[in-house]
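Everything below concerns the one structure shown next.
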Amino acid sequence: AAQLEASPRPLSTDEEPTALEHITNYNNYYEFGTGKEDPAKKAHTLTTEPWTVKVDGLVSRPAEFDLEDLLKPVTLEERIYRLRCVEGWSMVIPWVGFPLSEVLNRVEPLGSAKFVAFETVMRPDEMPGLRAFFNVLDWPYVEGLRLDEAMHPLTILTVGLYGETLPNQNGAPIRLIVPWKYGFKSIKSIVRITLTEEQPPTSWNKQNPREYGFYSNVNPEVDHPRWSQATELPIGQGIFAKRKPTLLFNGYADQVAQLYAGMDLTKFY
Amino acid sequence: MSKALRFRLLRAALYWVGFAPAVWVFYLGFTNQLGANPVRTLEQELGIWTLRFLIATLMVTPLRNVTGISLLRYRRTLGLLTFYYALLHFTTYMLIDYRLDLQAIAADIVKRPYITFGMLAFAILVPLAVTSNDRMVRRLGGAWAKLHRWVYLAAAAAAVHYLLVVKSWPMEPLVYFAIVAVLLAYRLGKHLRRRRRPAVA
């Protein structure tokens, strides 16, 4: 991985980051298998150069950016964020990225745009999970945000980790990070960003709408139908790691709660 | 070597081999070699070994019927290994994962189907393990066989427990579920055939 220049910014948490070894060896990236260590073992087959990201839909200036062109005008920042997986574990990760809003502003969303849809690359010949006996998800992986969520300063496109370019298993070369939502919302290896008027379909919601909603905000009060979300197990703290209470919006309530003012979070889970 | 001595030696060997995975995974756990989420890995390993020994126990009869190889004398050992692994799995969940947070555990049992099924399987295995000695076999007579048929329900509950604990449909829980389903269907098929054919006087 190559070194990245990044300036630290105030939006970071001051918690101790999880070890790089764990961040890069405990992943959910089903395109490379459903085991936690499958992505670390198998994702090296993904070609990340050259890479283009298409930004289209309800925008005045749709474009297909080469990754270099996408990154040229932005200032990379280090953002140390908490990550809470819907499965009940958590990490603290020093990402390197920039606000998604910078890309969206560049293409000039139309007034009719209300949502942003994202799509992961789909290459069966490079992704063994896509050649599996049967599909665990409907490929390609898709995700979505409301436009105001996408424009929020905490929402970033990420190209690095611990000061270096992203390893493939972590979603290289460019992925989304939305720190107040369960990890699966933070889609990996993005090839397309589309602004839409209607709420776009999202992969886990399609797979099981009762268990995974469109919003998927971290919320200790709203349990997954099959397990509690009240606590989480921090990764990388050995066999005697203690569960800790999960925080509303993953601890980012001060910054994001107003996005959901007046909404019933049990209904819009 | 007498037959009895040979049996006892083989049985002891089976225990040693049977416990090896548990010793190994606890060793890795306590020396911090179980990776990013050691508690989950520990639970999963002990759980999968419980299911493996349960399947091995249920294989004894069909194996004899199909191939003529009888491991009937080792079935009790396999059954007890199943129970010991279930106990380790259960204890790990209670002590290491939830640190005896009884309120959270009680809520889990009531609200989480996968925990409910797991607890059901374990609750069935307890009386089976307790009544597995010769004295109880003699004392319970015909009731013993009836009681021990509950193992089928335990197996079904354990397979469902594994299926429900994962986020989507990965291969392993489906494979174990299919094996248990085949073994139970085999039993059910035999049972139905026997009932349809009246006993010859």
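Positions of Cβ are set from backbone N, Cα and C atoms, glycine also.
What TrEMBL says about a protein is an automatic prediction, not a curated fact.
Sequence annotations record features per position, and here TrEMBL assigns transmembrane segment to B:12-30, B:46-66, B:78-96, B:112-130, B:150-167, B:173-189. What TrEMBL lists as domain 'Ferric oxidoreductase' is B:46-158.
In summary, the transmembrane segment (B:78-96) does not lie against the transmembrane segment (B:173-189): fewer than three C-beta pairs, each 6 or more positions apart in sequence, are under 8 Å. Mapped onto DSSP classes, the domain 'Ferric oxidoreductase' (B:46-158) shows 98 helix, 0 strand, 15 coil. Mean model confidence of the domain 'Ferric oxidoreductase' (B:46-158) amounts to 94 (pLDDT, 0 to 100 scale).
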